[in-house]
């Protein structure tokens, strides 16, 4: 347990600094868009600067077990101070004018990602649960800031925290099983996600394809087959979200129904491809299906506007929801090892399509297409890093065990030597190695 937590904590330093830096920039952008909550956002930015300084300080400590405990305490203290500062900023003053629902959607995404990071960095369970409790209670107690009001605002935040906890738990579990699959002699002070850069580089730096054609075929076969069930689950959830948006925003119901039909076709195509013996041919056909369906969706939406007056502008929340869906879709295309040509074609169609179509929200043009293009870019960057990590993990497997399987697909077959809920290894030395790396 000590091996694992040592390794995980040390490995998470650079991603944390990058992640918090990006969130601070997003806070700054929100402060410009929503000046009525600028004091709250500036308090959050200062807290993030303190967190980055604390994380860099912890990374320099020799005892990473002590460092992760101190960092966890810092996270709790900073979170408490942020909510206290926001509360004091409202004291004796009239409440700010309600903002758009978009600010709550953006905050929900940030909350969910933060909880996932706390799992990734192997912060102690007590500190992570304390963070969840403070955020849930703090957002419930503070005055509402958007048109959503109470109790919708705190419910959105608590839902995001819960989603982050579930996704983070699954991701954390996956990382621990990967750690167990390493040879015991190679575990000390390092983690698969931390030492990928030390693996022999046998792939193109940008396309991430292996120079060995046989190795590339092994990886893409395994990745494509492993991604079938997650794809069906992911697209099914997105279709349900589209249906919910169609109820909330009836002025764009035709566009959303077109999207739902396209998702049903995509699920059918993916299940069909999974049954093919030749997975290389299957992934090419599936990539072509994705491109064809995406083109037809934008064509259908365009035709639905033909000869009709444009719908009444919706809330900015519909664009925020769409941006999250776009980003997650691009990350999935990396995860499933769809060819680079098909993925880039998908990006181009979505970027050009959203730029050419009429706007549907109060954000208008060019803010709407900029939000979508930003989400596509974010998804591409995160997907690239995730994809690269998966390929290095594949290279680290013994050559005899690579054919037809992928680390992320067979973690559940590893010997279980950790607590089912806290995910700590029963072996204290192993836990320290993981959290250090």
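Along the chain as shown, residues are numbered 1 onward.
Note that Cβ sites are derived from N, Cα and C of the backbone, with glycine treated the same way.
The transmembrane segment annotation in TrEMBL covers 12-34, 70-90, 102-122, 129-146, 231-249, 285-305, 317-337.
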Surrounding residues of the transmembrane segment (231-249) on its own chain - C-beta under 8 Å, 6+ positions past either end: 256-257, 259-260, 263-264, 266-267, 270-271, 314-315, 318, 321, 325, 328-329, 332, 336
Segment proximity, the transmembrane segment (285-305) to the transmembrane segment (102-122), 3 or more C-beta pairs under 8 Å: no
Contacting positions for the transmembrane segment (285-305) when only residues 6+ beyond its ends and CB under 8 Å are counted: 224, 254-255, 258-259, 262, 265-266, 269-270, 273, 276, 333, 338-339, 341-343, 345-346, 349-350, 353, 356-358
